[in-house]
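Working notes, beginning with the structure itself.
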Amino acid sequence: MSAAVQTFTPKAFHRQAHDALGNPQIRDNFRRAMDGLMSKRRDVFSDWDLETLRELGANIRLRALAKLPDLLEQLEANCQANGIRVHWAADGDEACRIIRDICESHDARAVIKGKSMVSEEMHLNDHLEQAGIEALESDLGEYLVQLNQQTPSHIIMPAIHLNTDEISEIMHTKTGTERTRDVDYMTAAARQQLRERFMAADVGVSGVNFAVAETGTLCLVENEGNGRMTTTVPPVHIAVTGIEKVVEQLRDVPPLYALLTRSATGQHVTTYFNMISGPRKADEHDGPREVHLVLVDNGRSSIYQDDELLDTLRCIRCGACMNHCPVYTRVGGHTYGTTYPGPIGSILMPHMLGLEETKDLPTASSLCGACGEVCPVKIPIPDLLVRLRKESVGEGRGNVPGAGVKRSGKEVAAWKSFQWLATHPAAWRRSTALAGKLQALMPSSIGPWTDHRTAPKPAKASLHALVKRHRRGEGEA
Amino acid sequence: MAPVKLYPPRPEKVYLFGTCLIDMFYPEAGLDAIRLLEREGIEVIFPDDQTCCGQPAYTSGYHDEAREVARAQLGLFPDPWPIVVPSGSCGGMMRTHYPQLFAGSVDEALARDVAERVFELTEFLVHVCHLPLEDHGEPETIAMHTSCSARREMGLADTGPALLAKLGQVELVEQVRASECCGFGGTFAVRHPEVSSAMVEDKTQAIEATGAKHFVTSDCGCLMNIAGRFAHQGKDVKGEHIASYLWRRTS
Ligand code: SF4
């Protein structure tokens, strides 16, 4: 329930995983939700040529990334021509300062926010709070998570870790609503609570799904209308996004949008699709008087320098990789202790926090490939996980922060011995034969494996030996 | 998605790369693969100097070590025969990752040549041998777990079931979430034992719920994991490599 505020860190992945695995509520909430999302996605794509569409999506993103520096300049110029003020932030802190300065220049005390993972990434709410500015989340899931003093457990469905009873309890304690299982009642209550806050907000902060360089248009995909309210009701709108969200042309948007909504929630379209092309014009009656765009780097340009890691930046933040991840499904989003959980988090967060903080994330995958199979822009997630493992053990290019942090003498020695044995066939044959002969002496417990499984027994004779006998015509059944 | 592969006509000879897990723990499965191939009139060459494809080091990030192990295998297949591997995981390593490991090195061409000749066993039996099977066993229901590497890396979700479908007396029952990983993942099972065991627990429950008393896999990692979990629970559900199952029922 909404008891003590829990903090999660990537360093404590193992402990957090242990806790989550032992929590039937968490297990059940995630399993159900992920099963539902997987089947919705499967159904909604059933009559589509999905592979062709994914290929197209991947190519659109690759083309945008190939021209990224130029497209960003073009985006800036076209936004400015539309009356959108553009700001550049090297990291999260700078982005926070820019947003705070804009707020302060308007004497803003109340900020209303649409859903934005980049703002989570830079801890914008905390930063504003320290400056005496209250930031309120208006996406229903984000609102609940904020009420409960938590962070999102999923990038699309921030409150997916909570079930109806828990939500009812949170709303009851924090906002005084009745305890109920009536979802419509709770939604209506939240809507009413938020409506008042929209009207009183000085500034609206939103994310961006696609920033179109060709036209200087900011696209925002959402279901609740809170995005539209955030970007139109307050007198100032600040859009904040990672620099990789740019696409070249307007016509790149429909395929990406088609992939995004279907991959994320299994919807053909979302309830709202906003295209923001500037502040209120002289003859217009509504809309913000000022629109700002904050483009955040925060480690992205360093990812961009590496021709393999670059693929990380294709991501359109659909969340399908986490929905299909057997690890995420079992441990939930908070266990990762990072803004972005699941497979995308495990390939992205090491760049933002360093491999020392996040060393257990790239290994927290069986490399089953489910993430890469569903990723709408075909990011080779398993390959990137392996690349980060390689960086962790100091055998990569050394360009990820914290590279080499997991290199230990003991492990290197173990792999070197493996290498020696596997490159000396005669010794290999002797040792496999020996393993069989010494079977009785082998430990019956090999640590973590045997806590939950019976250890396999080495065969009495290896395949090498069996083949020899077979060739001599012996031992045939 | 694995690219579309064009299959060669049935060759006179093949190489068998047995894999280290089969060598050490399930040698009968390797021998049964050889028997199935030989029954089709194909001569099976088993290079005696084979050891391991190098995958454990590769997925752990130790690519220098993995490359040396892989290099020691590259020279074992000098003639242009197909290389049959009774494991989707080792097959995927050799087909997909060998060319990556040796990219830009003097062995790149050799690695590509080997990669192109690699076939997973069930793939080879279905698409190259068009294997006929005459079932001599009792009527039975059976479950199958296709490894993630076979299913996704190699694109072979259908070849195992296709072979089982040829056994007249065998009914294949599909467990819920059949495509979900069993939790093995090589060193994953050791580095994240609790998550891994939660996964294998779900997999054994799903298999058990089908009512089948027997399951097959085409990968010994998954077999070791799933069968090890059943054995640990004292459950009477037995696992077997698909090569052994096919041979047992048709010989
Ligand atoms: S990595 Fe792919 S699947 Fe995961 S959130 Fe990004 S686009 Fe979606």
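Cβ coordinates are placed from backbone N, Cα and C, and glycine is handled just like the others.
Automatic prediction, not curation, is the source of TrEMBL annotations.
Copied over from TrEMBL, here are the features:
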DOMAIN    A:306-335  domain '4Fe-4S ferredoxin-type'
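Through the fold, the domain '4Fe-4S ferredoxin-type' (A:306-335) approaches residues 6, 8, 13, 16-17, 19-21, 26-27, 29-31, 34, 37-38, 41, 57-58, 61-62, 65, 117, 150-157, 160-161, 209-210, 244, 256, 259-260, 263-264, 300, 341-345, 347-348, 351, 364-366, 368, 370-381, 383-384, 387, 397, 399-400 of its own chain, all at least 6 residues removed from its boundaries and within a Cβ separation under 8 Å. As a summary of secondary structure, the domain '4Fe-4S ferredoxin-type' (A:306-335) carries 18 helix, 0 strand, 12 coil according to DSSP. Model confidence over the domain '4Fe-4S ferredoxin-type' (A:306-335) stands at 98, taken as the mean pLDDT rounded to a whole number.
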